């Protein structure tokens, strides 16, 4: 074309593709969310509204890309699985990471008002993304066990930390709370929550303890018949559902074998 | 920690970094914008509102990341230059691409209403991103020449195409317009525009013909004195400006040497 | 150290590592072996001496690197499998490829005289190497099926080609032989060999038809007792053996399960 | 072809190419040369025979690949520069690294007897290779300054170390020599060499202190006229020369501008 003199610069592009026949995990992380949650005065230790907003954005990503078979979110992060055989964007790493990250961000911002009600969005939030390949089912399951164990560990810590800081009669400074919790094990944190604050950690919402698991479930939906457009008929559709449950054990995977299928 | 059993999965992450001492170009492209512009009934061939919205989002990216020294946008794409010596995100490719892309997307959605007025956003838009390294100033300038030449070529084509399709007395089908323009050179398109529609291509807005160039310019701003907080004083600040001008020739680069500096 | 001023240049090195928990295949290919075989007047279509020399060099590589569980060679190429869990050279791609390639080359040159007898080595030969990751056993087996099928197809072609060219009563030019064989299928080539030259392709040596398979086999070896240094004792050692056999079917893999084990 | 069923495994190959318009440095390093020099009883601190053998192998690489404009060697390593514009092997990283490494190894083994005389080669030696991109002349020169400074630092240390260990009247153990030299600066090592052993470090051979620099020099060669095949004529040829000289300063680069040219 007319541009040929300059077009040589295209040769500098490197289109890295991810290894075929491996599960792809795309993990998004909130960028500078410490500042973001402070600016928007998020409820601590968990702001339920934003957790639901995150899941909503993730659901939109899953509904847009059928090759995403599973998503898992906790805190300001979300992980998506692309099935082994996916050829999405010819398995180009940068394209997969940036497009999913961009779509999640857009869905997050679009639905901000719906979930955060009267909290005004002070500035545009952003997320980063990375793509990781996992060659076996074992590795993939262990990835999600890693994230869900991380959710539990962090949530227990944060619950104890904010209980101390938000203590109405005798509030700790953040520094003091940190010093107190340093080197305590799970049992000690559970005990502190129960004895000082009457909080039974095990009875806290699963949303906080387990995070959010999004997957497709055959669901009966009511539709109008395509024949006459008026008779109501029932159809089975694979709809994305959001549950807060254990994915470290085998049960979840056994119940949903399609997640790992080719 | 408690997670150690599963933490081995971190080893599967590959943190590709981009070659040091090279200019980095991050190019964002609208994903499926053909559908997006149709859904939102964009003015054709150019929707000025969205071009300004794109520039607004790019400006936000530049103001957030001082290492971005230049941005250039046209149509549904925007390119950003990170200076040679940048150590942003330790020069990790995925992190640079996804974060800038995410922030641009968020700023685009946040400012949608301001620029698009009463056009409701029907669904979340998305962009993809790639990072390209350019080792020399010549390569970098040629990259932008490539994009600006592309802007010109596409704009001339689109102006002619939509003139034919939107012809009030004798509208072409899209297919017919395409067939008519196929294999015509620039002169023929200019001639067609002028003879049939009285359009002098050279007098069209620079915004359409040249795209948008964002760079930092030392600018005198009025501030209140930091001493007493009331006396107005003038300060020079490097503010991001948006201009629609030639960047193929040497003049722009000579006037703004800092863009290419270390 | 004293070099610190210049040491920054180390940052430009990129240590690409290959994905964990995948089988690694390192394939070596002779560089410009068309010229090399012509210069050294190799017997056509197969020079048995050089095939044995290739296997000898491959065996040396296997004996040096215990993580190589299998090697397969044909023509001027050799492929090596590194087991899934190998941490050889921290799985650095360039280091694995270049070191194995270099060692093979050295062993090839060192043993040249032993195998090629009075053929003088006219100039130093070279090989290139690549590393490929295979995430599943199926993919890995298919890789070797690909190479062994390639061996068969090429050998049948070459056998027919050189029969025509070396025909004592009515030799073809290379061009004519090529033209004659173009678009013939296996059956036609078999038929030509048998009817014109009395060659029953199926009775040709397995070395030519199947290539060379190197793997470790528990073998009884005679040693002198470590106790008294004189009494002969029998020990089982995993010794590298060279066989010319089918690896497309399942039998080979079932007989040698350790090849695919972690 | 007939192999199509298995050929899909080719898709797993990743052909990483190096960034265009950058200088490529291929550095080879001896693998386990500590053991190799011990086995072959190399003269310490420097075995002149092997240094010449290394340069010989490097010269062969340069004569085979005209795009190599410079090579620098010291100890058991050699670095090669490929010019900015090289398209050797389509700039495929693995192919460049492995082929040059393989050829160097072959040339090293082939010429072993010529240089090492009656020292029998006990086993095949090997080298590893890496490719590094340098975007500017400054970076490239600094790379070679780094290697030559390293040569000097190591040689001074080794000269002192082996003087102590090989001391005829009062030999140190290797451990004692190491302890003595630990934390000494250059001046102290120079002083020790001079006062104890009468060695003036500055008067040692440039080969040891500076390493070996290989580059192309226009050289007058005598040929027989191509017209009559008998008259001797003089021609200028760019022949590879080996010198032992400083390449940290600018003089070498100014005298040989073609090394850095496109």
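Numbering starts at 1 and runs along the chain as it is shown here.
Even glycines carry a Cβ here, placed using N, Cα and C.
Residue counts for the domain 'tRNAHis guanylyltransferase catalytic' (D:6-135) under DSSP, helix first, then strand, then coil, are 57 helix, 31 strand, 42 coil. The domain 'tRNAHis guanylyltransferase catalytic' annotation in TrEMBL covers D:6-135.
All chains included, 19 other C-beta atoms sit within 10 angstroms of the C-beta of residue D:29 (GTP binding site). Residues or ranges marked as GTP binding site by TrEMBL: D:29, D:30, D:31, D:32, D:33, D:34, D:75, D:76.
There are 20 other Cβ atoms within 10 Å of the Cβ belonging to residue D:30 (GTP binding site). Residues annotated as Mg(2+) 1 binding site in TrEMBL: D:29, D:30, D:76.
Residues or ranges marked as Mg(2+) 2 binding site in TrEMBL: D:29, D:76.
Note on the transmembrane segment (D:94-115): residues 15-16, 18, 24, 26, 28, 49-50, 52-54, 56-58, 60-61, 64-65, 78, 80, 82, 88, 121, 124-131 of its chain, located 6 or more positions outside it, place their CB under 8 angstroms from a CB of the stretch. Residues annotated as transmembrane segment in TrEMBL: D:94-115.
Residues annotated as domain 'Thg1 C-terminal' in TrEMBL: D:139-248.
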Per-state residue totals over the domain 'Thg1 C-terminal' (D:139-248) - DSSP helix, strand, coil: 55 helix, 25 strand, 30 coil
Binding-site residues compared (D:31, D:34) - the one with the fewest other Cβ atoms within 10 Å: D:34
Chain A neighbours, filtered from binding-site residues D:29, D:30, D:33, D:34, Cβ-Cβ distance under 8 Å: none
Confidence summary (mean pLDDT) of the domain 'Thg1 C-terminal' (D:139-248): 95
Candidate with the highest Cβ count within 10 Å, taken from the binding-site residues D:32, D:75: D:75
Of all listed binding-site residues, namely D:29, D:30, D:31, D:33, D:75, D:76, those lying near chain C with CB under 8 A: D:31
For the GTP site built from D:29, D:30, D:31, D:32, D:33, D:34, D:75, D:76, further residues of that chain with CB within 8 A of the site's CB center: D:36, D:37, D:77, D:127
For residue D:33 (GTP binding site): intrachain residues, at least 6 apart, with Cβ closer than 8 Å: D:76, D:125
